[in-house]
Amino acid sequence: MAELEGLHFGKSDFVLLDEVTMEQFLENLKLRFEEGRIYTFIGEVVVSVNPYRQMDIYGNDVIEAYRGRELYENPPHLYAVADAAYKAMKRRAKDTCIVISGESGAGKTEASKYIMQYIAAITNPSQRQEVESVKSVLLKSNCVLEAFGNAKTNRNDNSSRFGKYMDINFNFNGDPTGGHINNYLLEKVRGVCVCDLLKSLHLNKDPTDYTYTSQGAASTDDRSHHRAVMSALKVIGFSQEEINSIYKILATILHLGNLKFENEAENVQLVGGDLVMHISELTGTEVESMRKALLYRTVATGGGEVIEKGHSEQEASYGREALAKALYERLFGWIVGRINSVIEVKNYNPALHGKNTVIGVLDIYGFEIFDNNSFEQFCINYCNEKLQQLFIELILRQEQDEYQREGITWQHIEYFNNQIIVDLVEQPHKGIISILDDACLTVGKVTDSACLDSMNDKLGHHPHFTSRKLTPTDKTMEFNRHFRIRHYAGDVMYSVEGFLDKNKDPLFQDFKRLMFNSSDPILKEMWPDGKLSITEVTKRPLTAATLFKNSIIALVDKLACKEPYYVRCVKPNEVKSPMLFDDARCQHQVAYLGLLENVHVRRAGFAYRQPYDRFLQRYKMTCEYTWPNHLMGSDREAVEAIVLQHNFEGDVAYGHTKLFVRTPRTLFTLEQERTALIPILVLFLQKVWRGALARMRCRRMRAIYTIMGCYKRYKVKAHFWEVERRFANVRNMTDYGKSVEWPAPPASLMQFHRITQHLYRRWKARQIIKNIPPSDMAEVRAKVAALGALSGERTDWGFGRSWERDYLANVRSNTFFFTFLEFALFNISLSFSLSLSPFQLNWFNNTKDRALLITDKHIYRLEPKKHFKVQKRIPIETVRCLSLGPTREAQPNQSGWLWWTADT
């Protein structure tokens, strides 16, 4: 990392400091801040300094530079710790969490947003629509929760007034499938400027007209922020009806802040009736019911009688404030629940979809020290004490305890254990929360000062608690008002005024029942406890401090079961300057965050540890003696073989059950070699598997061919049997089986089928010819020859009658008498004679009767009407072709035209 950044930027990891002192730590932190390097490592912990300016270190190119890289391959960055948490979750199927801590204004909220954006950017490379939808809702939820849960304070322009812990669920591919959000202690009503709302909400555009927004200043960005929030609500899935209900509740809160009460005789009256009408209209309640709830309280007596008790002016104002805060708190809780209903993992079956892993991101209010610290700061600082205790448990004490348990040589590091402060707040029967609860449950009027006296009595000897009564010389505190707790982050003086009222449930049951009976279904949904009647409400609800304590304990338990990654945020100055580094302010934060102790532990300890079996399972392919399985006596011996082969024995230590690796570079070298071997192993496994698949396919094909062969043989035999059955009696049939239909042969017997048919036809012909007299065989052969020449050319060529040859001499078929005897007188051998009537003589369609006579030497054309006078004689040797054509009037012994081709 030093090579990547350059030494002039300072040490990128505090573990590399020459000497671990507060002076060197602050000097390095200041140098990096002034050089624009706001992130620094302590091992795997990222120290982040708020730059108070926009920095160009969060683009897509930076995301790609950190994707899949080890922590020390790139300069320190939030993306590095986010990628480390993601890789640990994906590689080892282990739940991880990123805890972002620091005081108010140190940049925790921005850090959580950058971490969420990075995780969204590196997941779902295939761009599956359902995963993209989940990512969009997760990112947009930040915008909505900030709008309703953050506020501008004197120390921070965007201070989180609530704690947010988000679990992001991932499938086995490492793609987000959903999530869940937990919120902790919405501190108070946040002033919301809603100047753009419709007139139906009865609001003015000037926020100074309303008590709850009069102390805030409108920003030029409010309009764009408002549009962004509305867009985010629609992306998440809020309907227009739900958005309208949110507007109405916000408008109701602003109107409640302007409600005034005055004493009139012995009763308290509302000043201005229009506001009550507006509030009733916006909440969907009756005007008289709202007025009654604001001025009276319904009380059930021991005998079951219900009476109405009028409020004093102070009680009425107190009830109005309680209703406004409860409306906002329940609205915020409903919004969180609505988002959870959208992003929760649905229809997830581990057996079908694989293990569901989680990355948790905690963004919670930081340690606060104001001029006037009340009940809210007490709860917030208690939360930070619990988180610091978790940090001590996981990073400091747990690490040292593990070294001792594993028998690793170790130099003990002294650190402050804040368990004593946590016990001061939460210990049963003795802690401050227990004392507050007892005071709230005490019958009668118990004041805040009386509660402080009880603390003095029970906690007077505690080293981290004091008050003016216990230390009379400390004039910074007032009697019966202040007490001081020595937190890990510094001493904080709290004003006890309002502790009891804020701790107990401040809302009268009349308001709960009124809201439950609202005609607005969304508002009604927020008040399920209002369905109980006055006589059914008997059990006291848990106090605010106890509820908060239980939720923080549950949060710590949830974080403790995950592999933690830390971002420790530091605020460089109080004036939000990008140039000023306040040494004293930063030294105080470094001290209470325990960063120096963390450096000591990292320098003395080991960056990575893993049980022998898991280490062996991951890296056994890097050693020839352990792949694929070792034959050694134990897994430890196999791990030693891996270490020796890579010459890492000087950088590791062997515990009883785990291997400890001192520097990340050793682990990175193993990861590099493993990454290089994975493709080779994959190819080998693919080869083996493909061979197995090929063998299975071969066996299957052989079986198929065997079945096909048997089936083909069966089909052949079946065909033979069928042919034999059909033609068994053809010898005795009159047509010798001509009428028998041949069975369709299988494809393999098509040629055989044609040969068989040919043989059958020859046999049938033989049977027919056997019965023909020898004297007729010449004519039969002539007809066979004619069949070959005229088949398809003429429909009737006389195959059904006997051929006479000399048709002119046949008195039965010729009208002209002509005898062969006349030619015999001249010793002429007659071959063929025929009458042609009509005969086309020329191209002018003039036709005359003619006769044709063919001898062995000449072709004669005769004229029948002139006693067969020879009209033309053509030597036979000069004729190459002689053709006869039919006419519609031709008789069987006649032809319509004659065409010949001669050499002359």
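Glycine residues also receive a Cβ, built from the backbone N, Cα and C atoms like all the rest.
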TrEMBL annotation (region 'Actin-binding') - matching range among 322-344, 552-574, 805-827:
552-574
For the region 'Actin-binding' (552-574), provide the mean pLDDT of the predicted model.
89
Using DSSP, what is the helix/strand/coil residue split across the region 'Actin-binding' (552-574)?
9 helix, 8 strand, 6 coil
What is the number of other Cβ atoms found within 10 Å of the Cβ of GLY107 (ATP binding site)?
25
